[in-house]
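J.: Questions regarding the structure given below will be posed in turn.
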Amino acid sequence: MQTYLLSQQFNTRSLAENSTVCPANATICNGTSCVLLGDNFNETLSVVLSTVLTIMLALVMFSMGCNVELQKFWAHIKRPWGIFVGFLCQFGIMPLTAFLLSLAFNVLPIQAVVVLIMGCCPGGTASNVIAYWVEGDMDLSISMTTCSTLFAMGMMPLCLFIYTKMWTDSNAIVLPYDSIGISLVALVIPVSFGMYVNHKWPTKAKLILKVGSIVGAVLIVLIAVVGGILYKGSWVITPKLWIIGTIFPAAGYTLGFLLARLAGLPWHRCRTVSLETGMQNTQLCSTIVQLSFTPEQLELMFTFPLIYSIFQLLFALLILFGYRVYRRHRVKTKTDVEKTEEKEDAKSMSSHAKINGGFVSNETK
């Protein structure tokens, strides 16, 4: 009887000690790593912020549409070489890169699956904002984002079926077609209104574009910060996923640019394809992961979409910074060359005038 009472006291004390480490409502506890049930306040806050961010994103895409000309946009649709190159990058390079990274780092099967889901997602709308700031082809950027989201309806199941066979049954992955459809509608409708405004009132469209591009840049950072604050659960995951989350977007940007250049696209379109390839729809990936896996499985990999989102943004900002430095240096160099040529022309005209007794012919003027 005494032994039983000691055992009960020990269990009670252990539970009390664990309660200081993990909250009482934790569904999984492993040391300091816990997965929590969402509370009502957090769910309400998440819904409110999601609604606000969706409205802001729609306004940003409306402003991006103000930089799209219907004739050029339609030209990309009729001669879709750029879109085809982007398609190969989006649903060829990215899933294959995800597969190779998962093999190279020998991650757990469930972790390999989430990396592959990220690789199979369509392009994100943030790429349109960054493409504007690096002076890319906005018509191509928006047409690529629209087409990749549309093609994702069929290409995501196909790619996941091909690449996840060695790790899991592809039927176990739930694809939220309604979310993909909502993303497509949220993209197409605001952009269409923006294109109409650009056609009818081009002067006002330029003003809307300037404001929207600034708001869009702020919104991209805000989404990353809000995601980090609201994401419930453990950040203590394997370092391998951190490394993959760093390498993956960088590989997407680099390989997308190289393939576009090999395909003969001009430089501004190469920058566009690069951004469209590396910037994935991480919100869609998070939705698929949450719908497809149990809390026990989520503990191993559910922060990977946010890790990818952070590093894809950091690398995009590095690309933007590098391009701005290059452009400023090129413009400065070009200006110096023009001034030098003008000085040389003036000297030659002056010497020519002296030789001809101060007469300058019309050919030298």
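Using N, Cα and C of the backbone, Cβ positions are placed for all residues, glycine too.
TrEMBL: automatically predicted annotations, no manual curation.
Just lifted these from TrEMBL, have a look:
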type	residues	note
TRANSMEM	45-63	transmembrane segment
TRANSMEM	83-105	transmembrane segment
TRANSMEM	112-134	transmembrane segment
TRANSMEM	140-163	transmembrane segment
TRANSMEM	175-195	transmembrane segment
TRANSMEM	207-229	transmembrane segment
TRANSMEM	241-263	transmembrane segment
TRANSMEM	306-326	transmembrane segment
COMPBIAS	334-347	compositional bias 'Basic and acidic residues'
REGION	334-365	region 'Disordered'
COMPBIAS	348-365	compositional bias 'Polar residues'
J.: Are there residues at least six beyond either end of the transmembrane segment (306-326) with Cβ under 8 Å to its Cβ atoms? List them, or say none.
T.: 118, 126-127, 130, 133-135, 220-221, 223-224, 227-228, 231, 241-242, 245-246, 248-250, 252-253, 271, 274-275, 278-280, 282, 285-286
J.: Taking residues 6+ outside the transmembrane segment (175-195), which of them lie with a CB under 8 Å of any CB in it?
T.: 54, 57-59, 61-70, 73, 122, 125, 142, 145-146, 149-150, 152-153, 156-157, 160, 205, 208, 281, 284, 287-288, 291
J.: Counting CB pairs under 8 Å, which listed stretch among 112-134, 140-163, 241-263 touches the transmembrane segment (83-105) the most?
T.: 241-263
J.: Can you tell me which parts of the same chain pack against the transmembrane segment (140-163), counting only residues 6+ beyond its ends and a CB-CB cutoff under 8 A?
T.: 64-65, 68, 73, 76-77, 80, 82-83, 86-87, 90-91, 95-96, 98-99, 116-117, 119-125, 127-128, 131-132, 170, 173, 175, 177, 180, 183-184, 187-188, 191, 269, 272-273, 275-276, 281
